[in-house]
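> Dropping a structure here in structure tokens format, bear with me for questions.
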Amino acid sequence: MAKGKFERTKPHVNVGTIGHVDHGKTTLTAAIATVLSKKFGGEAKGYDQIDNAPEEKARGITINTSHVEYETATRHYAHVDCPGHADYVKNMITGAAQMDGAILVCSAADGPMPQTREHILLARQVGVPYIIVFLNKCDMVDDEELLELVEMEVRELLDKYDFPGDDTPIIRGSAKLALEGDQSDKGEPAILRLAEALDTYIPTPERAVDGAFLMPVEDVFSISGRGTVVTGRVERGIIKVGEEIEIVGIRDTQKTTVTGVEMFRKLLDQGQAGDNVGLLLRGTKREDVERGQVLCKPGSIKPHTHFTAEVYVLSKDEGGRHTPFFNNYRPQFYFRTTDVTGSIELPADKEMVMPGDNVSITVKLINPIAMEEGLRFAIREGGRTVGAGVVAKIIA
């Protein structure tokens, strides 16, 4: 399929629909794309195009996800929708589709259901910063008091998982009516209200290049007469010749200065997020740096060994384990570019974890890794992926 030229004139924001099965996530996704395409241009997408989600792989895990794009007057949105509950769990944990904000779809006829709760918890655990609520199927509920009751329940649920329930925008409408072009308050106008909430409630995310410099170490070379060159892809920020950096993870943190930046064998004065570069480090020996460490702006990221995480364990069909694992299971944790062994502590009420489950765990690594909340990792056994996770909270 030919890729059209990407016009990046507006700020770009990543969003997605979450919520209980059959509450109307896919219908709403189709309605947003269709209604906004009429008003602001872009491609209308039908329900069938979105429901038929293509398979993709993230960290060795197969996930079905639909990607839709739409625009408002001020922004360009990339929106992800998943057909099944398991796909949501995998998507959110692997970060296959990082969300700057989520649209929680809740049926006014049913109120919050088990997956409504689970998706809010997942959003909290994996670091989705903002949630907007679309109260769907309002055309099926005549009773204003019932609508207010459902709205109150949703706000309480958001509060329970540390989202600001009282301040969360809740838009009432009917995705089905909107998709059919209905002009009543619950139809197309509800979608435009939702778009306005997206524009105003979710702040424009910081671009990778504006962050504090971070580059995972992929390879280390010794170049005679010049010193040690470390290669990798800059994850965020900018690095300029002459700047001081830290080498963090696995062993004690070291400070050094970047004396050269090269890309494709050409010398540059700086490297930035997305660039594959080689950095020449002053006075650093080849054996002082190894894969799995990171180079970073001094003080911007610290090494840690002890944290809680939300993980998804691959099923047997996905190439995962065939048997459950128990407390004190010791796999490898693959962070960025390397494996580190660690032990897993299960929640008190969980005796074991079955393939295909998702679970909150506590991990202790044998070596420290440069870590922040929201960092993704894979769980591996002898080089094959058996799970995926995200750091929820750092303990030490």
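Along the chain as shown, the residues are counted starting at 1.
Cβ atoms are placed via backbone N, Cα and C, with glycine included.
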> With Swiss-Prot as the source, identify the stretch among 41-44, 81-84, 113-116, 349-352 annotated region 'G3'.
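That would be 81-84, the stretch labelled region 'G3' in Swiss-Prot.
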> Validating a neighbour-count step here. Other CB atoms within 10 A of the CB of GLY19 (GTP binding site): how many?
26
> Using a Cβ-Cβ cut-off under 8 angstroms and a sequence gap of six or more, which residues of the chain neighbour CYS138 (GTP binding site)?
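For CYS138 (GTP binding site), the qualifying residues are ALA108, LEU147, ARG172, GLY173, SER174, LYS186, ALA190.
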> Output, ordered by sequence, the same-chain residues six or more apart from CYS82 (GTP binding site) with a CB under 8 Å from its CB, or 'none'.
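For CYS82 (GTP binding site), the qualifying residues are GLY16, ALA53, ILE63, ASN64, THR65, SER66, TYR88, ASN91.
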> Using DSSP, how many residues of the region 'G1' (19-26) fall into helix, strand and coil, respectively?
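Final tally across the stretch: 2 helix, 1 strand, 5 coil.
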